[in-house]
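*Asks:* Mind looking over this structure? Questions follow.
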Amino acid sequence: MTDISAAAPGREARTLSNLAVAGFVWRQWMRKPRLYGAFIGFMGLATLADVFVPVAAGRLIDSLSGGGADASGQAHWLALGLFLALAAGVNIARQIGIRMEILASSAVMADMTADAYARVQSMSADWHANAFAGALVRKITRGMHAYDEITMYLWGGVLPGLGVTYGLGVYILINWPLAGLYVLAVNTLFIVMTMAMIERYVRPQNLVSNARDADLGGAVADALTSINTVKSFGAEARETGRFARLAGDWRREVRKTWYRFANTWLVQMIAVLALQAGLAGLLLAQWQAGEASAGDVAFALTAFLVMAGYMRRFGEEVQSLQKGLDDIQDIAGFMAGEPQIADAPGAPDFRPGAGAIEFDQVRFTYGGQDSPLYEGFDLTIAPGEKIALVGPTGSGKSTFVKLIQRLYDIDSGAIRIDGQDVRSVTQASLRQSIAVVPQDPALFHRTLAENIAYARPGASREDIIEAARRARAHDFITDLPQGYDTLVGERGIKLSGGERQRVAIARAILADAPILVFDEATSSLDNETERDIQAALAEVMAGKTAIVIAHRLSTIRDADRILVFQDGAIVEQGTHEALSAKAGGVYLRLAQLARP
Ligand SMILES: Nc1ncnc2c1ncn2[C@@H]1O[C@H](COP(=O)(O)OP(=O)(O)OP(=O)(O)O)[C@@H](O)[C@H]1O
């Protein structure tokens, strides 16, 4: 199994072999085999017709130079007709082929991009923590367009080019062996040299400039998603400077790539000239010796023009094809590996119960860390229990929540919810049974009604309003000019922190999950908002297992049990009264510090 993490943006992308990328492209073609079959068939017809254009030209010249010796005087008209029919046939077949390709590729590009998007969404939280959203967007869109280029350049350019040049080469070989050998040899040399230069000389540099290109996208998205921080530090000029440095890196690398492209073209042009001079010279010599007719020389010159056109394009097309393969390799990489956190084959959906949670000898280490955060971690939470998690920053409270949601897999031991191991059920069904109200909820740039209904798509307007009422969000929503139809701005930027949390509580109410997790905002809210949120919360928690990452004494006091975390372990647990009575205890110290 390929480790997909290596392809995570932000790190240098792993290079898939051309063969692996080609396999991916092949599977995309197989989505529309009939349309692509027709496209290839028409391109083949066009190629065949192109091979015979010089032959028809030769016949025409011969019939003309024969002075109309045939009895009817029709031969040259027939030859001209054949010549024109072939020339028209090439273009008609190509036109029909291209239209088939447009039909097939537009459909495949849409499907392939949707699959890549789904795959990226299925990547683990850890993978995304290492990814730049902007770089991902760039990689996916670049790969989408590369697919069309690969298809067109291969079937519409490179392969017809090979067909015509070798087809004519063989025709020449049969009629004039020496010239034929020369043409085939120069052709082969040209192709081998072009491929080698592109693979060894152009491609490595092209991958480097692609990586710089993705860095640019990543940097823009990184700074723009934190634009408020940038502004609050008055750091616009600093960020612009940072971007300019990255743009400078990109410019240096892309210039090298483009120079390498240009150098390859130069070498190719020299080979085309050699072919031109050699073929014309050889046939002229044969004509002089009386071994070739004027028509033969006309054939040679037309054949050369046709071949030179294909060869000139061949170089560019092989390069574009390689660039296409490089550009699509990120998407191919996403699809080639398995997400680190995957549903077990045939995993059933989670069956929600009363909300019992059990940690059984859990050991967990974050990727990139040497020592485990949790070791031999045991805990049982009864259905309906109200738990408060307290402890110093970095002690492992948020990790506890991430583990019950299975955002990370543990090293050993087991986490069971309602008797079901979190690894044995589908992730989506598990997470739908755990409603999380984060500290600083990010909303979608959609209407408030849509944001609330995110927990239950298809919820009626009445249900949405009822949930908002219970979350103490209805009043501020109806005060907005467009009420429930107000767009909240990217990540909900147009709402205050307290308002966003109440929208998230309304979502949790609609979700109606047996387990509720509430991460209290650390920043202080005004008394009224705080009271509203506490009241809303009390309602949501009724009858559910509730886990509150607590920063406020009020929440802690009401908890059935307080778990005190320190360095990834629960060092004390009990009610507020019991823990407060424990002289020298961690909780007592934290509570004293928290008191105003
Ligand atoms: N994705 C990650 N990769 C590596 N280490 C991580 C990751 N997330 C958290 N950690 C580390 O794990 C430890 C526990 O973090 P966690 O977020 O669970 O603490 P916390 O108690 O919730 O802290 P806070 O109260 O500040 O939110 C910290 O040392 C943190 O640096």
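Including glycine, each Cβ sits where the backbone N, Cα and C put it.
Residues annotated as transmembrane segment in TrEMBL: 35-55, 75-93, 152-174, 180-198, 265-287. Sequence annotations record features per position, and here TrEMBL assigns domain 'ABC transmembrane type-1' to 40-323. According to TrEMBL, the domain 'ABC transporter' annotation covers 357-592.
I'm curious about the neighbourhood of these features; can you describe it?
*Replies:* Among residues of the same chain six or more beyond the transmembrane segment (35-55), those with a C-beta under 8 A of the stretch's C-beta atoms are 29, 83, 86-87, 89-91, 93-94, 96-98, 100-101, 103-104, 151, 155-156, 159-160, 163-164, 167-168, 171, 299-300, 302-303, 306.
Counting residues 6+ beyond its ends, the transmembrane segment (152-174) has Cβ neighbours under 8 Å at 39-40, 43-44, 46-48, 50-51, 54-55, 94, 97-98, 101, 105, 180-181, 183-184, 187, 191, 279, 300, 303, 306-307, 310-311, 313-314, 317-318, 320-321, 324 in the same chain.
Below 8 angstroms of C-beta separation, residues 172, 176, 178-179, 182-183, 186-187, 189-190, 193-194, 197, 293-294, 296-297, 300-301, 303-304, 307-308, 311-312, 314-316 of the same chain, each at least six residues beyond the ends of the transmembrane segment (265-287), sit close to that stretch.
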*Asks:* By Cβ distance under 8 Å, which residues at least 6 away from the ends of the transmembrane segment (180-198) in the same chain are close to it?
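*Replies:* Long-range Cβ neighbours of the transmembrane segment (180-198): 162, 165-166, 168-174, 264, 267-268, 271-272, 274-275, 278-279, 282, 307, 311, 314-315, 318-319, 322.
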*Asks:* On the 0 to 100 pLDDT scale, where does the domain 'ABC transporter' (357-592) sit on average?
*Replies:* 86
